[in-house]
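Working notes, beginning with the structure itself.
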Amino acid sequence: MTAQLIDGNALSKQLRTDVAARVTALKAKGVTPGLAVILVGDNPASQVYVRNKVKACEDTGMHSVLETWPTTMTEAELLARVDAMNNDASIHGILVQLPLPAHMNAQRVIEAISPEKDVDGFHIASAGALMTGLPGFWPCTPYGCMKMLESIGYELKGKHAVVIGRSNIVGKPMAMMLLQQNATVTICHSATKDLKAMTLQADVIVAAVGKRNVLTADMVKPGAVVLDVGMNRNDEGKLCGDVDFAGVKEVAGWITPVPGGVGPMTITMLMVNTLESAERRAA
Ligand SMILES: Nc1nc2c(c(=O)[nH]1)N[C@@H](CN(C=O)c1ccc(C(=O)N[C@@H](CCC(=O)O)C(=O)O)cc1)CN2
Ligand SMILES: [Mg+2]
């Protein structure tokens, strides 16, 4: 058996077309959605991601502001920039690209973003809203995973989902979203005793560890849906996920590739969150 591919580039293209149409409608009401992107330091991967975010804004007709600051910026200076964006009426979404330099407290910076503009969904108010089922911004990567499941018409009710990884930005919110759709959810992590015993029971597996080959073919139930959130480099320096793609695709029913899977969906859901923030303002 060979798994069907869930193509994050194709789904993103489709969703961004919908976003662009809604942006046009909002502009007709006099509101242009605006995103502020703040990058501190010169991490080359982060530079690529922020450029792609600005480009996604251009492609969907949104306004964007990109601020890049040197690593020597102080946390107080960064907090002042966040505050300026909180008070800028042309900005509906603010994101501070992570990771931040070591001398900054990322959580403190995130909490300085107004929850109404927290389009990354990282603020504790956003996390609390997701936890309790109240309206709020959902973190873009797990939100993108949910859209991928929706795109294949997958019914989560009563299914067993295993999330590998417990980060605040992927693993934990992913588990909450799956739970909200009435899946039975298991969160596995570095102290899990028998990961394979868990994943073999799973109808849906989300791998979000940041380590190659965390999931291999012998760990997957035939027909399972496998979503790969990892971004690593293999021995040849090529981008790869957490899943042994070549092996697992022979067992799984559905699988996301890396690159071209969850990654592009992260930026697409950022566009959706920013648009919805602006729509709320216009309502
Ligand atoms: N403030 C934030 N910081 C970070 C986030 C985030 O959502 N908000 N997530 C990641 C980085 N990230 C977006 O910021 C991100 C990573 C990867 C991709 C992506 O499209 N990847 C491509 C491959 C790109 C490549 O070739 O290098 C893919 O998977 O196809 C998008 C966004 C951490 N920081
Ligand atoms: Mg992410």
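Note that Cβ sites are derived from N, Cα and C of the backbone, with glycine treated the same way.
Annotated features in TrEMBL:
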DOMAIN    6-120  domain 'Tetrahydrofolate dehydrogenase/cyclohydrolase catalytic'
DOMAIN    139-281  domain 'Tetrahydrofolate dehydrogenase/cyclohydrolase NAD(P)-binding'
BINDING   Gly165, Arg166, Ser167  NADP(+) binding site
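Structure with TrEMBL features highlighted.
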residue	record	Cβ neighbours (10 Å)
Gly165	NADP(+) binding site	24
Arg166	NADP(+) binding site	18
Ser167	NADP(+) binding site	17
Residues flanking the NADP(+) site, with Cβ no more than 8 Å from the Cβ centroid of Gly165, Arg166, Ser167 and excluding those residues themselves:
Val163, Ile164, Asn168, Val170, Gly171, Lys172, Ile187, His189, Ala208, Val209
